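Undergrad: Quick one: the structure is below, and I'll ask about it shortly.
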């Protein structure tokens, strides 16, 4: 069913809005804007596009997502998670097709929200998310070494093996001055006191000090001005998309990758924001807002955007109360474009590389001890997803990771499905479904089915034929059956038919409402007869005794 409701959280947030809340939002928004400025430029340049594309994206997507989104606190913009994906698309298809991919991804996100797929994040296990996040962090780190060391390489290749080969061939040609700037910037970012970070974010301080130092002492290092000619001053210009119908079908896969990653990142960001504030986001509304933002930004030369965790956490820690804070952050970045854009030409590429290296180091979860505590199958998912992300492609990594997770889950469910014979002498609990205190008539055997009777474990019901070969009445207690699928229904039907052929009877008891509905819907209840489906074990034993006493147990 389509989700036709459209209610941004801003509507609820503005109820009772007053000057004090606005003051908190403005202060938080200004702080987030200071944090976002260097990140937006760095993420854009690392993605293979111009720095202004990152700022335009932060302005437009940041404003629209806050205006229309399903969370009070998330701040949207370019993120590190997209760097590898965007860089690969630009290298293979060009910037024009990246804009088309972004628009298509936005449409997919809107469709996800309309189809109520906002809870899809629950189906992505944490080892998989950790695996591809760590993989992206490694790739970000590697791609930044060119500007970090000042290597004489015109353009870093997109693939892992090509990047490593390039670094091996050219690393010895590093520029000492560039390395000094980037190394000092990285040290400042990592060692900046936490108590000062709230007032003066370390990336902004590093950007400011490195830019002033390079400009003041005329240090011979590459800058935004030397590479891009600076950032144009003024509002972003609207431009149509150059559609190429011949390549449109090829763009579906990268567009889906952007949409999938955008959905995961934005919803994870919203979940973390909820955990920090006690709020509750609307996942479907958030997907729709992210989709609209990504449909609009390509017309202004922007790149894919999603909820940014670091900026969201900064917003919350600095007192942001409503989506207005995210809108203020966008307004500040727009003001920078209108007033201070020419100054950006002095920003050294080395400091932006240092910022991204710091992002990569903080982005990944590198605690090996924690991974060692995972079950082996979760560790396998994490490692395989990580390696596939680094060596091949994020889409392949997620697909294989999900497949592995599903297979391991099925195996686990199958292992935890059992059929146990009930014996009064072993029973301890005196409750409705216990066999304790009940008499099992001679010629009857009772079994309890536990777990999931599905395609991976349906054959477990055949165990009753081996455990009770002489019993004329078989009772299956189903109150601990948590899942029953078509294969399980067919297995129960086959068991009933097999017993009938041997002139024996199957009785089911204790089925919950959902399982009972499946039994009725599959007409298994009608095949068995309503008297052979009982509400609990006591009535099932009475029915068994009745059949055994009458001597007709297979009718």
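Placed from the backbone N, Cα and C atoms, the Cβ positions cover glycine too.
Small disclaimer: the values here were computed from a predicted structure and weren't measured.
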Undergrad: What range among 5-25, 26-46 does TrEMBL describe as transmembrane segment?
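TA: Transmembrane segment, as annotated by TrEMBL, spans 26-46.
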Undergrad: Match it up for me: which of 174-192, 231-249 does TrEMBL list as transmembrane segment?
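TA: Of the candidate stretches, TrEMBL labels 174-192 as transmembrane segment.
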Undergrad: With TrEMBL as the source, which of 288-310, 426-448 is set down as transmembrane segment?
TA: 288-310
Undergrad: According to DSSP, how is the domain 'STAS' (442-544) divided among helix, strand and coil residues?
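TA: Reading the DSSP string over the domain 'STAS' (442-544) gives 51 helix, 29 strand, 23 coil.
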Undergrad: Please work out whether the transmembrane segment (26-46) lies in contact with the transmembrane segment (204-225), by counting C-beta pairs under 8 angstroms that are 6 or more apart in sequence and asking whether there are at least 3.
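TA: Yes, since the transmembrane segment (26-46) and the transmembrane segment (204-225) share at least 3 Cβ pairs closer than 8 Å, they count as touching.
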Undergrad: Please give the average pLDDT for the domain 'STAS' (442-544) in this predicted model.
TA: 91
Undergrad: How about the transmembrane segment (204-225) and the transmembrane segment (331-361): do they have 3 or more C-beta pairs under 8 A, pairs 6 or more apart in sequence?
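TA: They do touch: at least three Cβ pairs between the two stretches lie under 8 Å.
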Undergrad: Take the transmembrane segment (174-192) and find every residue of the same chain, 6 or more past its ends, with a Cβ under 8 Å from one of its Cβ atoms.
TA: 147-151, 202-203, 205-206, 209-210, 213-214, 219-222, 348, 350-351, 353-355, 357-358, 361
